[in-house]
Structures are given as C-alpha cells and as structure tokens.
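Per TrEMBL, these features apply:
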- 1-23: region 'Disordered' (REGION)
- 58-73: transmembrane segment (TRANSMEM)
- 93-115: transmembrane segment (TRANSMEM)
- 135-160: transmembrane segment (TRANSMEM)
- 166-185: transmembrane segment (TRANSMEM)
- 197-215: transmembrane segment (TRANSMEM)
- 287-308: transmembrane segment (TRANSMEM)
- 329-347: transmembrane segment (TRANSMEM)
- 378-396: transmembrane segment (TRANSMEM)
- 408-429: transmembrane segment (TRANSMEM)
- 441-461: transmembrane segment (TRANSMEM)
- 473-494: transmembrane segment (TRANSMEM)
Amino acid sequence: MPPQEEHQQLLLDPTLDSDNEEPAYESTEKVYVIGVDDAGGQNSDDYTRTPPFSWKKLWLFTGPGFLMSIAFLDPGNLEGNLQAGSIAGYSLLWLLLWATAMGLLVQLLSARLGVATGRHLSELCRDEYPKWARLLLWVMAELALIGADIQEVIGSAIAIKILSNGILPIWAGVVISACDCFILLLLENYGVRKLEALFAVLIAIMACSFAWMFGETKPNGVELLQGILIPKLSSKTIQQAVGVVGCIIMPHNVFLHSALVQSREIDRRKIGRVREAINYYSIESGIALAISFIINLFVTAVFAKAFYGTEQANSIGLVNAGQYLEEKYGGGLLPILYIWAIGLLAAGQSSTITGTYAGQFIMGGFLNLGLKKWLRALITRSSAIIPTLIVALVFDTSDQKLDVLNEWLNVLQSVQIPFALIPLLCLVSKEEVMGVFKIGPVLKMVSWLVAALVMVINGYLLLEFLSSEGSGLLFTSVVSAFTAAYAVFIIYLISRGSTFSNWIVQAKGFANGN
C-alpha cells in the first residue's frame, strides 16, 4: 500500500484516543528517544522509513525487557529449577531453553501491543470486553498477582532468615520485604532509568551469586551440554518438566511488559518509528531473557551436580536448599549457604517490586479510577502483604507445609494464564486495534500453538494436583462446576476476540499457498 495510505491506516486506530484515561507514564517521566541519531536529512514525509540501527538508541530503549525478565527469575522459578535439577539431573535443560523461547514470544507480543497502540493490555481489555467480563479479568489478574507475590515475599523472607542466622523469623522477613513498596515510590520520583538501574544491579547480584555456586560445585560440562542439546523425557521426570514450562509464563508479566514499553517517547505518527521501537525492544528483550536462561541454568546445574540420584533429591525446597548445599560444599572462601541466600534475596526483592509495579498498571488499566500512583501502589502492596503475613504466621514452623502452599500457589497462577494470553493474542491479531502492526498468519499460528501448549501443560498440572488433593462427591462436584464455568469463560474470550475464526481461514489460505 502507498506510504500515506499506510500511515492513515495506523492513525485510524481508535485506541490512539486515550485523553480520558491516566497514561502509564506522564510525558515528564518518559525517556526521550525522538531526534537521537537522526541526522542525515531524513525526509519527514517518509512515514514508513525505519532509521538505521544505532547503538545509542538501543541503549536508550534498554530497560523494560530487563524488568520483564525478573519474572523468569523469581523464587518460584528458582524452586522449580532446583527441584528439576535434583530429580531429573541435566536432562531437562533443553526444556528450560525452549520454555524460555516460548516465554520470549509471548512477551514480544505484549511489547508489540503496547508500542503499536500506545496503551497497555489492561486498558485495551477495558475497552474490548463488557463490564462483567473485564471485572472478572481484573479479579483473575489480581489473584494471579497475589499468588505470585506470596511466593516472592516468602522467598525473600527465607533469605532474610538465613542471613540473620535464624534470628528473624519468616513473618519478620515478610514485614521487611513489604518496605519495597516505598523503595519503588522513592525511585519513581528520580525517573524510570534509576528504577531500571536498580533492577540491573539485582540481576547482576543473582548472576554473580549463582555463578559462584556453579564454580564451587563444578557441574559436568559434557552432561550439561548434552542436557541442552538432546531432548530427554521420562515418566519419572514428567512432573518436573511440567513445572519448568508452567512457571515460565506469569500472567501479571504479560500485562506488565505492554505498559513498560511506553516509558520511551517515540514519534508514533510515523510507522517507521514504531517499527524501529518494536525492533529495539525485541533485541533488548532477547538479551534479557538470554541472561535469565543462563542464571536459571546455573541453578539447575548446581542442584543436578549436588543432589541428582541422592536421598535428599525429593525433599529439597527453598527453605532447606541452602543448608543442604552447605553440608555438601561448605568450607570454601565464603559459606555457600550465604551465597545462595544473597541470590535468593535479590530474586525475591526484585520480583516483589515488579509485582507492585504490575499491580499499579493492572488496577489503573482495568478500573481507570484516577488514583495517584502512590495510592495504587499502597493498595496493591497491602492486598498482597496481608495474606502473605497470614501465610507466614501459619506455615513458619513447617517446611513441608510451605512446599504444599507453593504447589497451591503454582496451581492458582496456572489457572490464570489463559486470562492474560487469550486477550493478548486476540488483540494483537485485530487490525482495528493494531493497524498495520497486527501479526500475520504464520506468527498467529505459532502464537496460538504456544498458548495452547502452555494452557494444556498447566491444565495437566491442575488436574494432577487436584486428583492428589482430594476425592469424594462434594469435592468432585465443586471441581466439576468450577471447571465448567472456567471452560465457558475461556470459550467466551476466544469468541469475543472474533479473530480465532479469521485465523483459521488465514491459516488454511496460507497452507494452500494463497
């Protein structure tokens, strides 16, 4: 299509008119990218021209992808990794790699949605669905966020307990972790780049801590490489495999990334500039998740080396992992117990701050209450900390109960995944939302296949867990009713998007060479 017609198609996007809602970032908060490295007499009327690659611009766009990558490194993921390594050895590293790749695809679609529309996923859901549906989606997103936050805060509290030599119990660690809300508010006043710098430091701490552990335990390099390159799966490791895939995609992270990318000021009147931003965000997100994969690989390999085939393999969790490592590899320059605790604390604190950040956008987008950021942060933090504190007081004395709680929280988040993935895929496929940046038939096909795979895997995890937790007529009736309502709402979301049938037609056309 001609350049001006293509430009017009982008401007016809109704989502560009967002004057009546609070933006994700005020103009004074954004990183200014317009005009950087644009010398050379570019024709201002050439709306479709994408500027050449610039390292300076890549640096300015770098940040949102690293905040997003924190969800791949939270305590829930670390526990899944250490259990996979202890029980399955190196054999599931290939699955960790491909699960990270699937997570990258989902996050790139979220970033694409935010850049192309200038709005984030929860805002678009508010316009896309009727009031009852969007309120239900909001409740589901909040439940997923609370479940993730409980895991993250408990992880931080465990690390604080270790570092204090047991002086501070888990409930005290929860109270200390609650203060991250004020850290977030403080750093927001100094600009988004300061906040991103904090997360870069926390990721570096995780990388150094787990790399140190990797060096101390000296995993087998040949077996590690084989685990990455050669797919292996057995009936004994299927539960760990499901856990590796299931904890990669976090519902609140899908909402978060579409908002984070709006922290850069770009000229959205020009298609080339929007395409340029999508390209830079794709590069920095790929780099961020490559780093997160390496960190997760360190954790999996350490516990594969230390405990695979041992009696402790089936009893390791976040609470006792450091002590087990100390018993086996203690006596070094620095106690490996404290190295583990430092990495765990960095993972927990960084993920709780991003959870608070995501909660602001989710509440603001779905409800559009016009509340100040500090008030939204306080509400979001309180809704997560209060149940976490109750959990800490109830489960503090039992490692086994904490492990059972973690399983329930994993199930809670697994249930919520379709309510983030389906709206995302439907919206990025709609021309009236995305304009010229809607995804094509091939990417659409791949995206729906990935989403279906993730939902099936998490469905398996849910059924496996429920079948082991209870039986009887009442329990079965409640579960059946819940499952029926759950399935009906998922079908409604797909049909409401009105793009699933179009995708099938396009996919058939592509297969026939049309």
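Each residue, glycine too, has its Cβ placed from N, Cα and C.
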Cβ under 8 Å, sequence separation of at least 6 from the ends of the transmembrane segment (93-115): give me the contacting residues as numbers and ranges. 64-65, 68, 72, 81, 84, 121, 124, 224, 227-233, 241, 244-245, 248-249, 253-255, 257-262, 266, 274, 277-278, 281-282, 285-286, 289, 292-293, 296-297, 300-301, 421, 424-425, 427-428, 434, 437, 439, 446-447, 450-451, 453-454
Where, among 166-185, 197-215, 408-429, do we find the most CB pairs under 8 A to the transmembrane segment (58-73)? 197-215
Count the Cβ pairs between the transmembrane segment (135-160) and the transmembrane segment (408-429) that lie under 8 angstroms and are 6 or more residues apart in sequence, then report whether there are at least 3. yes
Could you tell me whether the transmembrane segment (473-494) and the transmembrane segment (441-461) are in contact, taking contact to mean 3+ Cβ pairs under 8 Å with a sequence separation of 6 or more? no
Tertiary contacts of the transmembrane segment (166-185) (same chain, 6+ residues out, Cβ under 8 Å): 153-154, 156-160, 195, 198, 348-349, 352-353, 356-357, 373-374, 377-378, 381, 385, 388-389, 392-393, 395-396
Checking distant contacts: for the transmembrane segment (329-347), what same-chain residues at least six beyond its ends satisfy Cβ-Cβ under 8 A? 73-75, 78, 152, 155-156, 158-160, 162-163, 202-203, 205-206, 209-210, 212-213, 216-217, 306, 318, 321-323
Which bits of the chain, at least 6 residues beyond where the transmembrane segment (287-308) starts or stops, bring a Cβ under 8 A of a Cβ in it? 62, 65-66, 68-69, 72-73, 77-78, 81-90, 92-93, 96-97, 100, 103-104, 107, 203, 206-207, 210-211, 213-214, 217-220, 224, 227-228, 316, 321, 324-325, 328-329
